[in-house]
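Colleague: Following this message is one structure expressed as structure tokens.
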Amino acid sequence: MAKNLVIVESPAKAKTIEKILGNDFEVKSCFGHIRDLEKDDMGIDIPNNFKPKYIVPEDKEKVVKDLKKLAKETDEVWLATDEDREGEAISWHLCEVLGLDPVNTKRIVFHEITKSAIEKAVRQPRLLDMNMVHAQQARRILDRIVGFELSPVLWRKMSMRNSLSAGRVQSVAVRLIVEREREINAFNSVSTFKVEAWFTGKDISGKNISFKAEGPTKFKTAEDAEKFLQQCVGAAYTVKDIQVKPGKKSPAAPFTTSTLQQEASRKLGYSVSKTMLLAQKLYESGKITYMRTDSVNLSDTALANIQKEINTSFGEKYHQHRKFKNKNESAQEAHEAIRPTYMENHTDDDSDTKRLYDLIWKRTIASQMSDAELEKTIAKIDISTNHEELTASGEVLKFDGFLKVYLESRDEEDVTEEEEDQEGSLPPLTVKQALDLKEMKATERFSRPAPRYTEASLVKKLEELGIGRPSTYAPTITTIQKRNYVEKRDKEGVKREYRILLLKDNQISKNTDSENTGAEKSKLFPTDLGMIVTDFLNQYFDSVMDYGFTAKIEEEFDEIAGGKQVWNKMLNNFYQPFHKAVQDTLENAERVKGERLLGEDKESGKPIVARMGRYGPMIQIGKAEDEEKPRFAKLKATQSIETITMEEAMELFKLPRTLGQFEGSDVVVNIGRFGPYAQHDKQFYSLKKEMDPYTVELDEVGPLIAEKRTAKSERTIKVFEKEKIQILKGPYGPYIKQGLRNFKIPKEKIDTAADLTVEEAKAIIEDVKANPPKKKAPAKKKKA
DNA sequence: CAGTGAGCGAGCTTCCGCTTGACTT
């Protein structure tokens, strides 16, 4: 038995560190937090100065038991959890649970897993920082109070009230999406006219050249643009001036969790959860450093390896030592940046993780490479018939530097229109050179609203606001979608006409062309529920919904950590007004329906409203108290209470439609709980995505019925008619179905499932019934 | 599996931040 027990948070880390420390040390992991607030009664004794009631969650019991045993057997326990607020608290909980005295237990920290860093840490142990622990405790309790007092308010006050939730992080994330959506809906696009001219000529050596130049300004109206083109009729064009300016580009910092999620989204199209899943795999197989980090720091060992790699692969002039600083004040920097563990592994052989690994390798190596050097050329072109001038610009790469391996992509909203017209190189020109105008065009361009958030751009925004942590970005994005506040989907663009004025051969002609606009892919849209909940929370709990709330309380947590404020006093200052708002809201707020009056029914004169019903957004014609029952129709998935028009609403009442007869019985189309479907002979058939229930025709439904029939026969391996037992092929392999129940076939019989006899199948069913498979343990309710 | 829409109210839900597997009809 080793003399020393070192406890870290991550098991992968434990393995690595054990190798470094040698035989006297046994390194174990506690798998993150080992205690949490009890759920009953919020787990907080509020009148008793917010005294927390901690328990060991069921899934951590084994970990705690094992650590207790080891702690007893060893001479000395070293607490080596991460050096941040949460890590300090985990160490304190370990003391509490393992019966260690915080005043003489050794606490060590390191920010990188290297031999020198770990050996240095062991030489300089410190003690637990109780102020830091109290800061974490205040954070934990505040989040519990906000979540567990606000959520029940929603259950009482929303017309749709199944498993709604609110919290310091998630509710603000939804707010961002809701406000962006409204910004887009309220956006009024204005158009301007942009002038471009294409020239031809000859360079000094007599070679033919051609290039593009841009007009003096964007014209506000077609008339202004035409006037300008008119002035250019018959003009001569000469190069008036050429300016050459050097420029440079620098590489981006190495990856943090949030920047990795953003780049993987932009370059590879991964969702944030997919990125984290793949990164976790790479981490567990020892290929990259820890993937949940807010640090851009690289260890000295890593820097040396990167330099070596650059020198051998690209040459010394490509290397430039850089130290990146974190822009984010809320960063706690308990780890390194995300980088390959071994730079000499240029790629990964696993096809699943390869693309992400390549991205991390390139980003890491580029971060220590030289600037790219550019030469920007701007040529002014004189127009003989007026005082305006045209501008041609070009960019030439003189030295590629880091661009040899990697260039960071940008978000849609950060790219300006000028950058969109990508600059190529300009042919060599000379001052006073005469040019021939091939054609000049004034094209109508429309201003665009801010784009909707992607998962990754939302993470970026949250990080900027200091809301959430690397370990919670992905789960938060999942939560707000699971709660149906937000949905990720595509939006089809609409066709829009734009005008073009063309000057060619001294003639001006007018034309229109069309473009697709407003198309979006994998963007976050708020649902009606998300909007209604956000409006409600904004109205009654504006302080928690404020974008600066987290930043403000983080300052206070820092004061607690610095010993300048007492944790339970801070909590009390927050709690008094907050709790009062909760009570006022419960007493006074009306139940929220999100109702919007669309107009009157032409035939009956009854009011038509869009509102939230118990089962989702809908249109209602007439009132509940009318003699005649109101008519109802559910909104389509892409429609919203806020934007639906009267016309679109009336369209919804056209279902159900009877299309005609097939094999002697009616085919009826409707939209149900699981989307559009056709009903025929008591069977249901889901309509294909591209089939619109409002316009679909009979001859399109026939193939659907046939398809389902063959799919069913293909899925069937064997049928025992009399016993009502079927052997079917499912997504997880063959299984047995009797009546409505499914039964798992034991592993050893999976391969020969087709040969099962009715007796064998029966035996399996009896077996499963006798030993039902363990279900996911539902949260155990404790009885006093 | 393809309904519903009023009101009352059992009995349920819920937070954020640390960490990984177990397991799927």
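Placement of Cβ uses the backbone N, Cα and C atoms for every residue, glycine included.
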Colleague: Between the candidate ranges A:159-164, A:165-170, A:177-182, where does TrEMBL place the region 'Interaction with DNA' annotation?
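Modeller: Of A:159-164, A:165-170, A:177-182, TrEMBL gives region 'Interaction with DNA' for A:165-170.
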Colleague: Select the most exposed residue of A:Trp155, A:Tyr290, where exposure means the fewest other Cβ atoms within 10 Å, treating these as the recorded positions.
Modeller: A:Trp155
Colleague: Compare the Cα of A:Asp143 (site 'Interaction with DNA') against each of the recorded positions A:His33, A:Trp155, A:Tyr290, A:Arg483 and report the nearest.
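Modeller: Out of the listed candidates, the nearest Cα belongs to A:His33.
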Colleague: Let me know the model's mean pLDDT on the domain 'Topo IA-type catalytic' (A:129-582).
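Modeller: A mean pLDDT of 95 is what the model gives the domain 'Topo IA-type catalytic' (A:129-582).
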Colleague: What is the nearest of the recorded positions A:His33, A:Trp155, A:Tyr290, A:Arg292, A:Arg483 to A:Arg139 (site 'Interaction with DNA'), using the Cα of each?
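Modeller: Nearest candidate: A:His33.
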Colleague: Could you tally the C-beta atoms, other than its own, that fall within 10 angstroms of the C-beta of A:Asp143 (site 'Interaction with DNA')?
Modeller: 15
Colleague: Between the recorded positions A:His33, A:Trp155, A:Tyr290, A:Arg292, A:Arg483, which lies closest to A:Arg140 (site 'Interaction with DNA'), Cα to Cα?
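Modeller: Closest by Cα: A:His33.
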Colleague: Of the recorded positions A:His33, A:Trp155, A:Tyr290, A:Arg292, which sits closest to A:Arg483 (site 'Interaction with DNA') by Cα distance?
Modeller: A:Trp155
